[in-house]
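Q: Take this structure first; my questions come after.
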Amino acid sequence: MADGIDRNADEKMEFSTSKEVTVAPTFEAMHLKENLLRGIYAYGYESPSAVQSRAIVQVCKGRDTIAQAQSGTGKTATFSISILQSVIMGLGDYMNVQCHACIGGTNVGEDIRKLDYGQHVVSGTPGRVADMIRRRNLRTRNIKMLVLDEADELLNRGFREQIYDVYRYLPPATQVVVVSATLPYDVLEMTTKFMTDPVRILVKRDELTLEGLKQYFIAIEKEEWKFDTLCDLYDTLTITQAVIFCNTRRKVDWLTDKMREANFTVSSMHGDMPQRERDSIMQDFRQANSRVLISTDVWARGIDVQQVSLVINYDLPSNRENYIHRIGRSGRFGRKGVAINFVTQEDVRILRDIELYYSTQIDEMPMNVADLLA
């Protein structure tokens, strides 16, 4: 499984697609450039995943495309292969592609220097990209494609206007590709404002809860008892790496301090931290220098760390779409994974709503949960 995709689960996936969508069984069948194929195989890919086999050809044809499938199914590589974005630089090693990450919280001068030099691919956060366009350091007249990764998040109220700002600067013929693990109906409706007759490749919702990932809840009578429950779990389980999700930055800081006071080793990350600090924390976690990371939903999307075997929702997500993104951090690359949800009486309705939305059942945590992580 060099490409990090659980092939057994992938093969069972059912899609709802536009009529013109066909399945390309191999990368060769997609008629990709020879140099790109070399990069794909050198990166460890052997054959396309279910979403890749349906979406790559459509994007390469220049069609506006909406691709939705659960975490860990190769969506990032779907558009990376199509436009040579950076899973990135690796796929373009044989093509001399210039890529730059243009993100908030980093040095503006570096962005200006790199963009003035010229880039084939720019990946970035909406605010910084819009800023670079307004400064005229990112020139848009030759842009051929706009990709919205994690589109449900980018098209929510927080980012929507920034995305529209970017889109208004682009040439009318710009191809638009929308990618996400979850695409609520209102987000799909929104795409009609800036996409032209898009091809749709959507996994059926009851497929979305990640086969092979065990989901449990622990009933906790009072909010203030969650901390003791977490400490008991921490003492009981032998984990490789774990992520604990809280709903607010303040809660992340509070829980981190409490855990450290109790002599537990943890790291933490949230959106108030400078980008450089987040990068450093992330690197430590990837290299397994830290085993437990406490975070807000800033960590819930698009981040692969192979050894994460446990996700704990200290707080259930306030947005049910975020549930699938959170638990998808565990059990990646076909490994065993467990998600444990702390549920107070006030949370029962939210838990039932999540079960209904994803057509899944979340059982009470068994006594032998440690065996499931072994």
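Heads up, the Cβ atoms here are built off N, Cα and C, so glycines get one too.
What you see is a predicted model, and the numbers here were worked out from it, not measured in a lab.
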Q: Can you check which of 25-53, 54-82, 112-140, 315-343 Swiss-Prot lists as motif 'Q motif'?
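A: When 25-53, 54-82, 112-140, 315-343 are checked in Swiss-Prot, motif 'Q motif' belongs to 25-53.
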Q: Any idea which of the binding-site residues Gln70, Ser71, Thr73, Thr76 has the thinnest Cβ neighbourhood at 10 Å?
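A: Candidates: the binding-site residues Gln70, Ser71, Thr73, Thr76. Fewest Cβ atoms within 10 Å: Thr76.
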Q: For the motif 'Q motif' (25-53), what does DSSP give as the number of helix, strand and coil residues?
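A: Looking at the motif 'Q motif' (25-53) with DSSP, the answer is 16 helix, 0 strand, 13 coil.
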Q: For a quick check of packing: other C-beta atoms within 10 Å of the C-beta of Lys75 (ATP binding site), how many?
A: 23
Q: Under DSSP, is Gln70 (ATP binding site) part of a helix or a strand, or is it coil?
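A: Its secondary structure by DSSP: coil.
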